[in-house]
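**Student:** Reproduced below are the annotations present in TrEMBL:
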| type | residues | note |
| --- | --- | --- |
| BINDING | ARG12, LEU13, ALA14, PRO15, SER16, GLU48, TYR211, ARG229 | L-glutamate binding site |
| BINDING | CYS123, CYS125, TYR146, CYS150 | Zn(2+) binding site |
| BINDING | LYS270 | ATP binding site |
| DOMAIN | 9-295 | domain 'Glutamyl/glutaminyl-tRNA synthetase class Ib catalytic' |
| MOTIF | 15-25 | motif ''HIGH' region' |
| MOTIF | 267-271 | motif ''KMSKS' region' |
Amino acid sequence: MSAGSSSLVRGRLAPSPTGFLHLGNAWAFLLAWWAARSAGGQVVLRLEDIDPQRSRPEYAAAILEDLRWLGLDWDEGPLPETGGEGAQFAERGPCGPYVQSRCTAFYTEALRRLEALGCLYPCFCTRKELRALAGAPHIDDAGAPYPGTCRRLTPAERAARQRAGHRACLRVHGPDGVMAFDDQLRGPQRLRLEDCGGDFAVQRSDGVVAYQLAVAVDDGRMGINQVVRGRDILPSTPRQIALLRLLGYTIPTYAHVPLLCDADGERLAKRHASLALRSLRAEGVAPERIVGLLAWLAGVNPSRRPLRPVEALRHFHLDALPGDDIRLDAAMLDSLRRAAPNP
Ligand code: GLU
């Protein structure tokens, strides 16, 4: 499929199978689903299991089951009923594979194209060296940008390091200048790659493809033109836009939604095990109650009544979302559980 070939909205749900889905994931996926479906668009499900150390097939099967339980569907992607017990999922749709661990050929081809464009280079810096170079505890989105040390190595220096057995990651030296985009919630964004860590890795030194490359290649080749995801991922967006541009793909629209946090303002994560959809389900909480609460938080369910995702479609609008992160207080969680039958 060629990106941007029609005006049909194509959104995506892109879970990483590194744990069970919790309320925060459900919130982000519901918003992405509502945004695509309320525009009459299609939904693509993509399993982002690119990191072999963190991904587990049993989480993948559980995530697909939990999304279905919540009431979400997708037009393309893995078919939940076909996987499990180590079996690979069968898939539906013309842009497969929809499971990143099976997409290596696409990523290798993208690396080859980046190499041909002259913007790829091996980086031999160790974590320790990076820390020292940056003069900061670590290089990350908010820290000092990578200073480009290995970009300036001569071919002879590179060859010497390779001969000495130093392992390299591959970094991209992206275009200079601002990667401007209009966030549909946050307005115009004007970030430079330097503001987001500078030259970034597209392949780790152990050969595993980096998240930025996998997402950009898959959004591009799957013709995704609407991305709705948590605001924590916003610093990745300029890097993904840079890659999409270099690889010749159309840039999707982006909306970075507020995060769900616990009562202390901590972003929901795996350690909030009691807020995993599985745990709530085991307590007898109905999916309609979860969706009703999340739709209320999204500003589209004033009465807070339980509902199926499809019932909120008519009212859904990104503009109704709050701008700030949301704290889930005890009363909100009680409202989920109050109506649950005693286990
Ligand atoms: N797979 C990523 C995650 O679960 C989301 C990536 C994206 O939406 O671009 O955090």
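Each residue, glycine too, has its Cβ placed from N, Cα and C.
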**Student:** When you rank CYS125, CYS150, LYS270 by Cα distance to ALA14 (L-glutamate binding site), which of the binding-site residues ends up on top as the closest?
**Tutor:** LYS270
**Student:** Report, as a single number, how many Cβ atoms besides its own are within 10 Å of the Cβ of SER16 (L-glutamate binding site).
**Tutor:** 18
**Student:** So, by DSSP, how many helix, strand and coil residues make up the motif ''KMSKS' region' (267-271)?
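**Tutor:** Helix (H, G, I), strand (E, B), coil: 0 helix, 1 strand, 4 coil.
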**Student:** Using Cβ-Cβ distances, find the residues under 8 Å from ARG229 (L-glutamate binding site) that belong to the same chain and are at least 6 apart in sequence, listing them in sequence order.
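**Tutor:** For ARG229 (L-glutamate binding site), the qualifying residues are ALA14, ALA28, ALA32, TYR254, ALA255, HIS256, VAL257.
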**Student:** Give me the Cα-Cα distance between GLU48 (L-glutamate binding site) and CYS123 (Zn(2+) binding site), rounded to a whole Å.
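**Tutor:** The separation of the Cα atoms works out to 25 Å.
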**Student:** Running a distance check here. Ligand 1 versus the binding-site residues ARG12, GLU48, CYS125, TYR146, TYR211: which have CB less than 6 Å from one of its atoms?
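**Tutor:** So the answer is GLU48.
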**Student:** For CYS123 (Zn(2+) binding site) and TYR211 (L-glutamate binding site), determine the Cα separation and express it in whole Å.
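**Tutor:** A Cα-Cα distance of 17 Å.
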